[in-house]
Amino acid sequence: MVSDGEKQLGLSYGRDTLQTSPDASDKGDVEHLSKPDSKLALSEEEALARSRADPEGMLPIYLTFAPNDRDNPRNWAKRRKWYITCFASMLNVVTCLCAGSISSGAMEIQKEFLVSAEITTLALSLYVLGFAVGPVLLAPLSEYFGRQPVYMVSWFILFIFQLPVALAPNIGTILVCRFIGGFAGGAPLTNTGGTVSDLWRRNDSGGPMAVYGLSSTLGPPLALVMSGYIGLNSGWRWIFWVLMAITGAFWVLLVFTIPETRHTIILQKKTKRVRKAMRKEGLKAADSITDANADERKGLHQLFAITLTRPFHFLFTEPITFFAAIYNGFLYGLVYLFNEAFPLVFGPGKGHGFNGGEQGLAFLGLCIGPIIAFLFYPLQERYYLRRVAENDGKGVPEARMWMARLGALFIPVSLFWFGWTSYPSVHWIVPIIASAVFGAGIYIIILSILNYVVDSYQTYSASALAGVILVRNIVGAGFPLFATQMYNKLDYEWASSLLGFIAILLVPIPFIFFYRGETIRLRSPWAREHFNQDEDSPH
């Protein structure tokens, strides 16, 4: 559902229960203000000092992070934060490897189980559908129990369910296990963006978010690059043995090297530790101290209720969420549609005659494009920070769409280019270059739009993103199901052109957000609340 707390890609600010990023200030501290109910917001050291000064006192205390608190993930060493960021982003890549790799063994699966191409495509679509359904449950669990338990349990399920697919005696086993794997594999969609937000202050998050965005766009095409020759030389079952080894290795690293990063959970544990220390010293304040988020904490049933309702409200009442969902859904659908289209364009028959391994390598263009766009992302970040400085330090969500205008043009251009160079008489590198342009456009647009949604809704961004990402994954599951029929009926050139014409219809969206987004936000009761807010203010 949501790249769950994502103060970039799903940030969490205290009121939206779907949001799972830090509840502490972006500056990593909390002002020591008395709450209306006379509770004091104190750090661990201050709480202990105050209680020792008055051992019999029971003034209610809210425990918060100190400005340089080592328990606050935003104060951890940069090297540690970058390791966790890159590792969590790699989880995104690996779960996408699990999604798309089955396409490299599709022909063998059809022959072994005597099923149609549509059925093997369904094995891909069911996994991606699991991406849509899984986070609906995983997002509230992540908020309630923390990121680490959700990562560990769900990733273990993803790991273990590669085994029945590798040993599958029938197609039914593959279909069921693929859906379960996709359901569990949705954990990075729920957690990774929130992890990034946990670790980095808002103005420092540009680079980490660019890495996270790269993992989201690089993963799906990389699956075919990795699995092509495995399926060709060792058979389709070995694809899943390799995936089991990869996911198992990541699970071990996850358990032993990745700590809990969610601020509210860390603060809960910190409060228990302080309470225990107070009781050892016989301080009465042990019975009156709570963590700073205790009053706003919700039960699981409340979290699930909001998870299942609020995103749909945003989706159907908020123009920003609605059009962001349409655009993201279309682009994500195209990414998985190419899993079926590339084997037609580059494979035997009417294509370039590539074997299975070479067809996998044809996806390198889709991998190289996002990497090139990633290298230019600092230009976007520099422009955004300049606009913020010009606006007296207040956020300018529309500035997030500066580079997206170019990315929007890349999509239809690359689709027409790819379509009309799909003839076997045209050298195969030409459509692959077109796919690289497409990959660059995908990266720019997806990252820009998701950042725009986050900056627009802030407190409520997780719910808005939940609707966007739900639509994205449902469309991603549906597009591959008609890809083969569409390319065969319309011919390769016109099938890609049809997608190009649809892409042209969507080109205005980034331009409207860039030039008229402020007006749209002012009409939204959810976005208007954060209008002209300081970039580093505690939301």
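FYI, residue positions are counted from 1 along the chain as it appears here.
Keep in mind that glycine also has a Cβ here, set from the backbone N, Cα and C atoms.
The compositional bias 'Basic and acidic residues' annotation in TrEMBL covers 24-38.
Across the domain 'Major facilitator superfamily (MFS) profile' (84-520), the model assigns an average pLDDT of 92. Annotation comment: TrEMBL describes 84-520 as domain 'Major facilitator superfamily (MFS) profile'.
According to TrEMBL, the region 'Disordered' annotation covers 1-39.
What TrEMBL lists as transmembrane segment is 82-102 (among others). Here the transmembrane segment (82-102) has long-range neighbours at 109, 120, 123-124, 127-128, 131, 151, 155, 158, 162, 178, 181-182, 185-189, 191-192, 195-196, 199-200, 208, 211-212, 214-216, 218-224, 226-227, 236, 239-240, 243, 246-247, 250, 253-254, 257-259, 261, 336, 339, meaning same-chain residues at least 6 beyond its ends whose C-beta is under 8 angstroms from one of its own.
Marked as transmembrane segment by TrEMBL: 114-138 (among others). Non-local neighbours of the transmembrane segment (114-138) in the same chain are 1-2, 4, 98-100, 102-103, 106, 150, 154, 171, 174-175, 178-187, 189-191, 304, 307-308, 336, 339-340, 466, 469-470, 473-474, 476-478, 480-481, 483-484; each lies 6+ residues outside the stretch with a CB under 8 Å from one of its CB atoms.
The transmembrane segment annotation in TrEMBL covers 150-167 (among others).
Residues or ranges marked as transmembrane segment in TrEMBL: 238-259 (among others). Within the same chain, residues 83-84, 87-88, 90-91, 94, 97-98, 101-102, 104-105, 148, 151-152, 155-156, 158-159, 162-163, 165-166, 227, 230-231 sit at least 6 positions outside the transmembrane segment (238-259) and bring their C-beta atoms closer than 8 Å to a C-beta of that stretch.
Listed by sequence, the residues of this chain that lie at least six past the ends of the transmembrane segment (320-339) yet keep a Cβ under 8 A from its Cβ atoms are 99-100, 103, 124-125, 128, 217, 220-221, 224, 314, 363, 366, 411, 415, 435, 438, 442, 445-446, 449-450, 452-453, 456-457, 464, 467-480, 483, 499, 502-503, 506, 509, 512-513, 517, 520-521, 524, 527. Among the features that TrEMBL reports, transmembrane segment is placed at 320-339 (among others).
Sequence-distant contacts of the transmembrane segment (359-377) (same chain, at least 6 residues past either end, Cβ-Cβ under 8 Å): 104, 206, 210-211, 213-214, 217-218, 220-229, 231, 335, 338, 342-343, 345-347, 403, 407, 428, 432-444, 447. The transmembrane segment annotation in TrEMBL covers 359-377 (among others).
Within its own chain, the transmembrane segment (402-420) has Cβ neighbours under 8 Å at 331, 334, 345, 373, 376-377, 379-380, 383-384, 430-431, 433-435, 437-438, 440-445, 448-449, 452, 492-497, 499-501, 503-504, 506-507, 509-511, 513-514, counting only residues six or more beyond its boundaries. The transmembrane segment annotation in TrEMBL covers 402-420 (among others).
Taken from TrEMBL, the feature transmembrane segment applies to 426-450 (among others). Outside the transmembrane segment (426-450), and at least 6 residues removed from its termini, the chain residues within Cβ reach (under 8 Å) are 3, 6, 9, 209-210, 213-214, 216-217, 221, 324, 327-328, 331-332, 334-335, 338, 345-346, 352, 354, 362-370, 372-374, 377, 380, 400-404, 406-411, 413-415, 417-418, 465, 468, 510, 513.
Annotation source TrEMBL lists transmembrane segment at 462-482 (among others).
Taken from TrEMBL, the feature transmembrane segment applies to 494-515 (among others).
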